[in-house]
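So that you can see what the record holds, here are the features copied from TrEMBL:
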type	residues	note
MOD_RES	K38	N6-(pyridoxal phosphate)lysine
ACT_SITE	K38	active site, proton acceptor
BINDING	R136, M313	substrate binding site
DOMAIN	239-368	domain 'Alanine racemase C-terminal'
ACT_SITE	Y260	active site, proton acceptor
Amino acid sequence: MTTDFPGGRLTIDLGALADNWRTLRSISPQSECAAVVKADAYGIGLRRAAPALADAGAGTFFVAQLSEAVTARAAAPGSAVYVLNGLPPGAAAAYAAAGARPVLGSREEIGEWAAFVASTDADPSAAIHVDTGMNRLGLSPDEFRAMRAAGGPGFAPALLMSHLACADEPERPETARQRKLFAELRALAPETPASLANSAGTLRPETSEGDLAFDLRRPGVSLYGANPIAGFASPLKPVVRLEARIIQVRDVAAGETVGYGGVERMRRPSRVAVLSLGYADGILRAGGGADGVPGAAAFVGETPCPYVGRISMDLIAIDVTDTPHAQRGDWAEILGDHVGVDDLGRACGTIGYEILTSLGRRYERTYV
Ligand SMILES: *Cc1c(COP(=O)(O)O)cnc(C)c1O
């Protein structure tokens, strides 16, 4: 007999994922469109996402760690897979054996890779990361200039890349400044393909210093339906649908409170539905409601039902007073056509990225 009565069901639309990749590709058709699939494809599942993207036409993938590259290479054979977090000490042979390309971001990493490829007949393909203002990973502009002046790096890089710090806020001047510096640095290695744009730079490639597309773009979160640019009319489709089961519906009198700490007091005689899902499932506790602080909202049918009170580990209460039909066994939409990952992120004081990568492990998962 089945013991499987999941509290949540997660439906991942691989067709929408492929459509989003095609939409992003078509924005700058002269530039290759890669796919960033780090963190298990932003929580939706790398093993299923990579083949769907490869079938749509993606040939280049970016992950954060070597173990993810191994999964991506198995799921999308023949594709180029770059590892954004670079080369750990002593790891060059393991990268080569896995067919993974490190994104080299320091003189030490470049030195180790150059020494390794000089001593073997391994594929030397790797990217070089230059820092143009983020101060996270990458060679400083002066380090890169010095390396080029000395004739380095000693092998032919497959990609020169940098990363944008503020592209999700198009009015910020930093993006054009980064674009200008990157163009200056890539002119020192004109034979190497260049890459600068993330999702925001892919969706809005134009700056006062020219186009952000270069030879290859690296969208991540937008593939999964999130819109990184607040207020931008995004052409992307939702990829993730998450529903929670209603366990029980109860009446709560006006003036009573709901949940831990009694932080939210009902203002009218209310019906409250309790959902079988909580912060242990990645619905961040900050998304709960309190007096004067509205929480996130679920949808029952077409009706928005605000979260009431604190989110528990395994439970969320929602106000279904305006949905008299809601009953035990029904499903409420947590994410989907009515509630985007960006909407839930905002209600939780965070961003769609964190909602996606927090998606829990005890849902029933269906890929369509
Ligand atoms: C994560 C990441 C991306 C993708 O960013 P999105 O905002 O998700 O599109 C691109 N490049 C680098 C270096 C990254 O770390």
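Glycine is no exception: its Cβ is also placed from the backbone N, Cα and C atoms.
Values in this document were obtained by computation on a predicted structure and should not be read as measured data.
Positions of TrEMBL features highlighted on the structure.
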residue	record	Cβ neighbours (10 Å)
K38	N6-(pyridoxal phosphate)lysine	20
R136	substrate binding site	10
Y260	active site, proton acceptor	12
M313	substrate binding site	9
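Across the fold, the C-alpha of the residue listed as 'N6-(pyridoxal phosphate)lysine' and the C-alpha of R136 (substrate binding site) stand 17 Å from each other.
It is 40 Å from the Cα atom of R136 (substrate binding site) to that of Y260 (active site, proton acceptor).
Separation of the C-alpha atoms of Y260 (active site, proton acceptor) and M313 (substrate binding site): 11 Å, rounded to the nearest whole number.
Reduced to three states, the DSSP call for the residue listed as 'N6-(pyridoxal phosphate)lysine' is helix. Counted with DSSP, the domain 'Alanine racemase C-terminal' (239-368) comes out as 23 helix, 45 strand, 62 coil.
In the three-state DSSP assignment, the secondary structure recorded for R136 (substrate binding site) is coil.
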